[in-house]
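Following: one structure in structure tokens, then a few remarks.
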Amino acid sequence: MKVRAMTAIAALLAAPLAAVAGPDSDELVVNGEINMVTQTEAPAHLDGALSELYSGWRFRSDETQALQMDDFDNPAMVFVDQAQEAWDTADGTEGKSCASCHGDAADSMAGVRAVYPKWNEAAGEVRTLEAQVNDCRENRMGAKAWKYDGGDMASMTALISVQSRGLPVNVAIDGPAQATWEMGKEIYYTRYGQLELSCANCHEDNYGNMIRADHLSQGHINGFPTYRLKNAKLNTSHARFKGCVRDTRAETFNPGSPEFVALELYVASRGNGLSVEGPSVRN
Amino acid sequence: MASGVKPRVKVPKSVAAGEAITIKTLISHAMESGQRKDKEGNVIPRSIINRFTCEFNGQSVIDITMEPAISTNPYFQFDATVPEAGEFVFTWYDDDGSVYNDNKSITIA
Amino acid sequence: MDFSRRDTLGLALGAAALTVLPFRVNAAAEDRIAEFTGGAEMGEGGLTLTAPEIAENGNTVPIEVSAPGAAAIMVLAMGNPTPGVAQFNFGPLAAAQAASTRIRLAGTQDVVAIAKMADGSFVKASSTVKVTIGGCGG
């Protein structure tokens, strides 16, 4: 081949390759006041599987990152507003609203998102935020449970997440929660589907690389529920898990299933130390 | 009336007379483009917000004709001059005839 | 340069390495432009169209238009099924003839902005946005 032609081919091939890089080094400050930790040392339980933690925000384009930096640029916040209305509105046979028991969300829900999913002694199981919301709705408000990954639920978990923004994710993995955590860890490293892919294959072995034109992140859920540009709405972590497993061409699990509850606890623990960003903006 | 439509607007509380401010507006709306098909293969008809206006004390700041290429949950950012204290009125016009409003007052510092 | 068959094949394979959707153009766009300008010539300069080089997702692409002194700015997506995006008409209290929004692009294409200036003249600006297929399942 002639040298000039080879240079041309090299230039064409180099163009997409140049985009393959690790996370960028931008800093996330929301509303000019909430300093988000988007890079931190990996928690001990990872045992070196990740050398350092990076929030999914660090893998997105500059334009996408900008959408999360101001609560009036962030399209998710209009759904937080809607959830605030729902918080104050009575629903169900008992004539209660969330506010009836929990008062001002800013006070009662501070720090809650950061420690969920967590063990619920009375229920004898690990509870996710969604499961807890529905427990309150059915058993204390006499209201119908919300669809686990539906719009109402996603908006409410977004409202609850806002009250923990900037706080480090800190889910417990020991004590009564340990068995669930171990189950989640096993699912994380299991290959599923025709494509035989595990979560780890992409998010541990290949973060920073491109999957077609997507920049792979470490798969943390500190930003959930997240507003995805792709479907222009809030997405819950179980909805994302369901999609990922489906994309390996496997029979996927259902939102709220024991498998996904366990997986959520494990995946959350992989991000222990990163700031709660929910609701974040991702692609 | 499309359901779950809610505006969200950022206007500073006060400004010096004659100064410019940045306004950010968003409204939750599906902006059904008319390009999608349902499970049976029928086209889902277009249903979007087709116009957005911002006025201050009766004078126009901006008047935007919107088409289906505007993303779901339409967002606009623009600057306005504030000659005196008063009220910003934001109006969104839906294909189905609904009109959504939001108002924000501003004082002179 | 002279290309042998081998060279051409090599170049084609290199180009295929770019995972972007094919370039799209829509004929109806020309009609929209003629309607806005009345067939007048369009100059350049005085109009800035800011759009990303690569859109992280074609469903929500942030853009900004700015043309100091303009009466109106029309934005077209030249490769969308219907090219119209928006027309920004600036009133007397607009502090700057500029606006930002988020748009949908069906594929890699040119986004075109045309400003109608206060003196009735027209200027045009254009930006190519690559729209990509991401991840598993798009």
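Cβ coordinates are placed from backbone N, Cα and C, and glycine is handled just like the others.
Given the structure is predicted, the values throughout are model-derived calculations rather than measurements.
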TrEMBL heme c 2 site partner of A:Cys199, A:Cys202, A:His203, selected from A:Cys136, A:Cys244: A:Cys244
Cα proximity to A:Cys136 (heme c 1 binding site), best match among recorded positions A:His203, A:Arg240, A:Cys244: A:Arg240
Distant-in-sequence Cβ neighbours of A:Cys199 (heme c 2 binding site), under 8 Å, six or more positions away: A:Ile187, A:Tyr188, A:Tyr189, A:Gly219, A:Cys244, A:Leu263, A:Val267
Rounded Cα-Cα span from A:Cys202 (heme c 2 binding site) to A:Cys101 (heme c 1 binding site), Å: 43
DSSP-derived helix, strand and coil totals, residue by residue, for the domain 'Cytochrome c' (A:70-164): 49 helix, 6 strand, 40 coil
Distance [Cα-Cα, Å, rounded] between A:Arg240 (substrate binding site) and A:His203 (heme c 2 binding site): 14
